[in-house]
Amino acid sequence: MKKNIIIIVLILQLILCILPILPHGIISICLIAYSIGVIILYLKSPEVNVSKKDIKYLFSQISFYILFCFSIFYSENITTSFRIIQHSILLLIFPFLSVFGHSISKKRIFLLGISFVVSSLVLAIYICVYLMLNYNISYILSGSLVYHVIKANKLIFEIHPIYTSVFFLIAILLILNYLITVRFALKKSLIAILPITIFSLTILLLASKTIVFLALMTLITLFFLDKRISKIHRISLISSLTLLIILASLSFKTLNNRISDFTEYLTTNNRVEKNLENSTNIRANLFVCSKDLIYNEFLLGYGIGDVQAELDKCLDYYEIKSKIVSAHNFYLRLALSAGVLCSILFIYSLFFNLKIAIIQKSIISIIILSIFICLCLFEDYLLRAYGVTLYSVFVHFLYLSDKNCNNFFLSEE
């Protein structure tokens, strides 16, 4: 019986790692089944005890979320509150699964990483093939694919420029980390060029300037920090990457337009001359609104369901007509919902996980966690299904690998 449960849990872990191609319904069913499996396995394993370290970890991960949920008691919009909790509940569930779960070996972590990369590749190929079959090259390079294709729901998968691009960025990092581990063996390096190219192309097509910037920064960081990379490899890789980004920003019109929006905001000083519907301008005004609102209610916030209404009032003052349904900053969103302490506790949870990665001396884990930290600066990343699932699964496996004293995702031997 116990052996069968172990096999089921292993299969469910693999399924969770093909998250990029799973619809929300399947993800929910797998998460429920996985949770049940982990708890049953814990109850049938008397040799596994919850340590003080586990309790400390649990507190570090759920304390901010408890405050976040508590704000429902002074929130007027109860329906919205419950919907937000439903979307983010994994932030409460997975820390418990990490505490009760069994350690996982380095070999299994590697297989989970491979599953994630393969599923991400399937999604990237699908996007590229769909575009090539339905649109000509000139349109693909110059058309606004995000609005005409993605937001029109023409694809069978749910695609979001930022959340989907994160899958591809992490997949690239995992492949590069593997190549670094095998010392850039020629045959394996040649095989890896194709998926990396496909991932890079799809990221550029989705045209998220946030992800393009993060890709540039994280890859340069990886090349500089990982001592296993020779100097000649660092120079060639960074030069190729920089050239690719420059050419892409010039060739892909949508990406070029978004970068232009950003530079326009920075170079235009007169508010009358600014394009108020410029995405960068909207985010800047959201930041100002959030800052002012937090100052007025820094202790308890406005309640989990009432944040959007407060932001809408503020944006009306700045004459922003676009419908914005996000604070575009998860740290500020927490402070707006449940007070500054909630945001501070979340930052503590991030650095607790970062500490685990640092102790393991796993550069790839540190970089991926840094990506999540940065994403929360630009998006309510952990309030979207794919965002919170990817983050929760990653830190879950990170902690389980720490239980086994293994480095995560093929760190240095």
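From the backbone N, Cα and C atoms, a Cβ is placed for every residue, glycine too.
If you look up TrEMBL, you'll see 5-21 (among others) marked as transmembrane segment.
Listed by sequence, the residues of this chain that lie at least six past the ends of the transmembrane segment (26-43) yet keep a Cβ under 8 A from its Cβ atoms are 2, 5-6, 8-9, 12-13, 15-16, 19, 90, 93, 97, 100-102, 385, 389. Per TrEMBL, transmembrane segment is recorded for 26-43 (among others).
As annotated by TrEMBL, transmembrane segment applies to 55-74 (among others).
For 80-97 (among others), the entry in TrEMBL reads transmembrane segment. If you look at the transmembrane segment (80-97), the same-chain residues 6 or more away from its ends with a CB under 8 A from one of its CBs are 31, 34-35, 38, 57-58, 61-62, 65-66, 68-69, 71-72, 303-306, 308, 382-385, 388-389, 392-393, 395-396.
The transmembrane segment annotation in TrEMBL covers 109-133 (among others).
Look at TrEMBL and you will find 162-180 (among others) tagged as transmembrane segment.
Taken from TrEMBL, the feature transmembrane segment applies to 192-225 (among others).
Annotation comment: TrEMBL describes 198-347 as domain 'O-antigen ligase-related'.
The feature transmembrane segment is assigned by TrEMBL to 231-252 (among others).
Taken from TrEMBL, the feature transmembrane segment covers 330-352 (among others).
Per TrEMBL, transmembrane segment is recorded for 358-378 (among others).
Residues annotated as transmembrane segment in TrEMBL: 385-401 (among others). When Cβ-Cβ distances below 8 Å are used as the criterion, the transmembrane segment (385-401) is approached by residues 13, 16-17, 19, 24, 27, 31, 57, 61, 87-88, 90-91, 93-94, 97-98, 101-104, 106, 109, 112, 158, 160, 163-164, 166-167, 170, 353, 356-357, 360, 365, 368-369, 372, 375, 379, 407-408 of the same chain, each at least six residues removed from its ends.
If you take every residue in the domain 'O-antigen ligase-related' (198-347) and average the pLDDT, you get 76.
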